[in-house]
Amino acid sequence: MKILAFFIFVLLIFSCSSSMIMGVHYHEYRCHDWVDCAIWCKQWVPQPKCINRVCDCKPKSLPTNEEVPQSAYSSNSNY
């Protein structure tokens, strides 16, 4: 009985230390596609990317003036 309790204690210590080494949220970032990241990243981006099995929660950057097509400006020039 003491050996079983000791074995469980050692497993508990090992599991806690390995999660601390890898990081607290290690498993939350692992993914296969963007759907796996949706719950974790929903507060930052509506459809996150899964790059190399890791969730990318960075929001898309806003387009610069060079990236905006001219048709977007022509509709506002009538005012």
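Backbone N, Cα and C define each Cβ position, glycine as well.
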Pick from Cys50, Cys57: the cysteine that Swiss-Prot pairs with Cys31 in a disulfide bond.
Cys50
Local Cβ density at Cys55 (disulfide bond) - other Cβ atoms counted within 10 Å:
23
Spatially speaking, which of the disulfide-bonded residues Cys31, Cys50, Cys55 is closest to Cys41 (disulfide bond)? Use C-alpha to C-alpha, please.
Cys55
Spatial separation of Cys31 (disulfide bond) from Cys55 (disulfide bond) - C-alpha basis, Å:
6
What whole-number Å value do you get for the CA-CA distance of Cys37 (disulfide bond) and Cys57 (disulfide bond)?
8
Long-range neighbours only, meaning 6 or more apart in sequence with Cβ under 8 Å: which ones does Cys31 (disulfide bond) have?
Cys37, Cys50, Arg53, Val54, Cys55
